[in-house]
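> Under the heading active site, TrEMBL lists Ser161, Lys204. Positions annotated as compositional bias 'Gly residues' by TrEMBL: 1-11. Annotated compositional bias 'Low complexity' per TrEMBL: 12-36, in sequence order. Residues annotated as domain 'Lon proteolytic' in TrEMBL: 66-255. Sequence annotations record features per position, and here TrEMBL assigns region 'Disordered' to 1-37.
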Amino acid sequence: GGSGSSDGSVGGSSSSTSPSGGSSNVRTNSSSGSSSAKNATYVVTPFKLTTLLGRPKYPVERLYQKVPVGVATGLAWTSLGGATLYIEAMPLGPAATEAEKNVRGFKATGQMGDVMKESVDIAYSYACDWLARHEPENDFMLRRSVHVHIPEGATPKDGPSAGITLVTALLSQALRREVDPDLGMTGELTLTGKVLAVGGIREKMVAARRAGLSKVILPEDNMKDWDELPAFVRRGISANFVSTYDQVFEAAFAPSTSSIQSDS
């Protein structure tokens, strides 16, 4: 029978004998330009990616390259995996006068569920207490109302794991100090400042990697979950394990800490 090309190859064909004695078709490329085309070197640069692959289907998750005062980066679990959660705290209107002190209060937006709304209440109360104990001359919470917002307002958010992030955003605004832009955090907070374990550590660490974060703060009781993560997820991320908010504050606002584990 005649030989036909079933794979779309171009060129002549020659007949050879297979080990079983039958005839098989071996195709050879007769085009002199094909060999050089196959051996050509193609350089792909970041500038060519859009041309070759099209526009990115998903936006970059890192909202800030430099985190402004009053913003802290949280890590959240979602039904589709992990995500970064930027929490913003902004004072409302001018500061009250001396005679109008104790106008404290806040409002919260960002489509928060009931559990997260309770976390905001706890975070606000704890931030007020923390300032009174550590910065007694700072009257920010006495003279200002605060607006707490979590961007992407169309996305429902719930759960208790944003507690330490909420307090950090509030204190960042009260102290006018920026939080480390390469730091993400997750952990439930009690009124007495204890940091409790949370779920979804694997998904949250994947989100940290996608956002390019190099440091995370995790509850001490989640250390076992960190140890169980694949090496490629932990690689390049330093984890600081905490049991109290004072340890969170030290890690979030100080350049270095003493209880860091890192996978390089």
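Just so it is clear, glycine is given a Cβ too, placed from its N, Cα and C backbone atoms.
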> Within 10 Å of the Cβ of Lys204 (active site), how many other Cβ atoms can be counted across all chains shown?
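By my count, 28.
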> Summarise the model's confidence over the domain 'Lon proteolytic' (66-255) as a mean pLDDT value.
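The average pLDDT of the model in the domain 'Lon proteolytic' (66-255) works out to 91.
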> How many neighbouring Cβ atoms, not counting its own, are there within 10 Å of the Cβ of Ser161 (active site)?
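For Ser161 (active site), the 10 Å Cβ neighbour count is 28.
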> In whole Å, how far is Lys204 (active site) from Ser161 (active site) when you measure between their Cα atoms?
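Just about 11 Å between their Cα atoms.
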